[in-house]
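For reference, the structure is listed below as structure tokens.
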Amino acid sequence: IGKENSSSIMEFILLSLSENQGVQKIYFVVFLLFYTLTVAGNLIVLTVTSSRHLNSPMYFFLCHLSFVDICYSSVTAPQMISGFLVENNTISFAGCIGQLFGVHFFGCTEIFILTAMAYDRCMAICRPLHYPALMSRRLCGRMVGVSWAGGFLHSTLQTLPIALLPFCGPNRVAHYFCDVHPLLHLACADTRAEGLAAVANSGVISLSCFLILVTSYVVILVSLRGQTLAGWHKALSTCGSHITVVILFFGPTTFVYIRPSSDLSEDRSVAVFYTLITPMLNPLIYTLQNGEVKAAMRKLCRRKV
């Protein structure tokens, strides 16, 4: 068996969030609504932030973040939602590897874009007079380009070793999408090295970027010493939405990838937060906290009407 290659298994069966048929129907309605809101909300933010009236670096990054959120949730949500209506939610071997690549490509790109947004807010608050020169359009473009390139490199390094493993035994993936740890449990080989590499890759990226983000907020708080109450309120209101996103996204991501996974059912539940909940909440968090975005949305609605 150990000599068989990965073509021995032509498809995998993805597990659902629940084995109860009644609960699955409820999940179908709930997550279909979540996914619809995710795509619609991020499309609205993408359209609004593309306006020439919102030309600051923050909206440039937010535009890319909304595009990434649409792609990120679309990699996993449709497969999960359709799986609630069938007995066996199957995915081909090639589709599984493609899904693994997409999850880590868009997920890592989002991590880097959120880090770039934190740097942008830090410069805007700590160096307001030099901000236009520090955050030039060329620098912002390079930061976004590096984010996409970094996501591609991370995903390639994460996916290639998994794709080369032999899969010749059970084909039931203990997750609602193809991810590193569930696939390593199915491989017909010693996967300890791949497991440690996955933790070192995804876990270190998640934790290090999270620490960078926390450091940036500490720097912001320190720089606000001696400011008036109005200055504190303005600075914290612009960072409040970003902090919320960071907690919702990085908390579950770090929990799943920073350690060798043993309880896959626990990982399956936690993964819902960073694959679907956070992309759905991003448009609400950023638009409800931002007067300029709300004004641009009202202007766009009046123009369409």
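For all residues, glycine too, the Cβ spot is worked out from N, Cα and C.
Residues or ranges marked as domain 'G-protein coupled receptors family 1 profile' in TrEMBL: 41-286. According to TrEMBL, the feature transmembrane segment maps to 26-46, 58-77, 97-119, 139-157, 204-224, 236-258, 270-288.
Residues 17, 31, 34-35, 37-38, 41-42, 44-45, 62, 65-66, 69-70, 72-73, 76-77, 103, 107, 175-177, 179, 241, 244-245, 248-249, 251-253, 255-256, 294, 297 of the same chain lie 6 or more positions beyond the ends of the transmembrane segment (270-288) yet place their CB under 8 Å from a CB of it. Contact counts against the transmembrane segment (26-46), taken as Cβ pairs under 8 Å, peak for 58-77 among the stretches 58-77, 139-157, 204-224, 236-258. The transmembrane segment (139-157) is in contact with the transmembrane segment (58-77), judged by 3+ CB-CB distances under 8 Å for residue pairs 6 or more apart in sequence.
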